[in-house]
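First up is the structure itself, then whatever we jot down about it.
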């Protein structure tokens, strides 16, 4: 971007951003020194199974509400309308089924890794396949979570991109490694509050500067951004009710039923009842976070439709949401820093959950079975080393993320679909089909991964879905900004 168009932080903004990182580190340090001081694997990986439903539920929200969602959802709604909002229809069944089917089975087994269930039900080979698949999925997704906010911030403010990546990665590695799962959960609680505050600030100021609620509504209605229920059965359509409302149920099941990052939180609850209650508490918060993202996209459209906007070069297409935020909050010291803290809170919460869950499955599924005589002290130290290793791997993946050529939201959904779907199939096969055996499970997993990766990778390579058409007034006024092209979605380049 032309340096003259870049927005700059005030000292107060840097202060708020630094305060976020310092508070996260302080929470990790507190849990490293309190209680049992993370001296056992149960304390480090499972928080001594002592957590109540409120922090567990907020941690579940923070793990799901990544920086990809905070940047991706507004960009998706801006370019394609409110059809994506129908994903909220999937939350009911997508949370109810895990609460009453998956949690009772997994919690009563008193396991640490969700994939231990696969060995108990099928065989050790199935367990290892499930674990390796999860590790691959999570490592790729971690790079996306770290790189996305750093790149958007760099494109709009000139903030050093790899400095931001290192700040996220190093802070997260430190508090995850020294504080264990308790530190991860309690930092998630703090970061969830920051996320909601940052999004609300942008919406309130954006609506005010755009002319009020009625003016925003008029522009998004005339701009063809309010979508009704699309029952088109064509699977190649970007979003329809079937892919979001129905397909979203399976996405939610894969996240909340078989993904270690979420399951580990259920298992850390002090009782099965607390675990179930935490899922019920997640439902309204997820609806709120989805609504905030969609409303931000609508306000962004209303702000720029019909006006000549500053040209963000094609190499900075993923910076649109960040540019809008800085444009709206410019001249209000502290609020830009609050939104950046919101964005980086989402990144921290997602990758800290990933570090801890990756260390858990690596220890429980791949190392402990081979070294059953390992002492508790050595196992705990190794778990901390694994968390640190995955943190470094996350930074390496961030360097590769810019090679992806689709919207960050689409890439994230495709990663979860390509890998999470087949793993969910393994759990469903074990729970609902008592006659299934290990041979069938392995054959099904292998064929499913091959098929969905072929479809998913092909869809990433051959992007065919463009933005919804704009009304003539918007097209005429936005010739330099090219809303049909440059503001089509948030893409990682």
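For all residues, glycine too, the Cβ spot is worked out from N, Cα and C.
TrEMBL lists 14-33, 53-73, 85-107, 128-153, 159-178, 185-207, 240-258, 279-302, 338-361, 381-405, 411-433, 440-461 with the feature transmembrane segment.
Only pairs six or more apart in sequence are counted, and the transmembrane segment (381-405) with the transmembrane segment (185-207) gives fewer than three Cβ pairs under 8 Å, not enough to call it a contact.
Between the transmembrane segment (128-153) and the transmembrane segment (14-33), the number of CB pairs under 8 angstroms, six or more residues apart, is fewer than three, so the stretches are not in contact. If you look at the transmembrane segment (85-107), the same-chain residues 6 or more away from its ends with a CB under 8 A from one of its CBs are 77, 114, 117, 227, 229, 239, 241, 244-253, 255-258, 263, 266-267, 269, 272, 275-276, 279-280, 282-283, 286-287, 290-291, 294, 427, 431.
Taking Cβ pairs closer than 8 Å, the transmembrane segment (279-302) reaches residues 53-54, 57-58, 60-61, 64-65, 69-70, 72-78, 82, 84-85, 87-88, 91-92, 95, 98-99, 103, 192, 195-196, 199-200, 202-203, 206-207, 210, 215-216, 219-220, 223, 225, 256, 266, 320-321, 324 in its own chain, all 6 or more past its ends.
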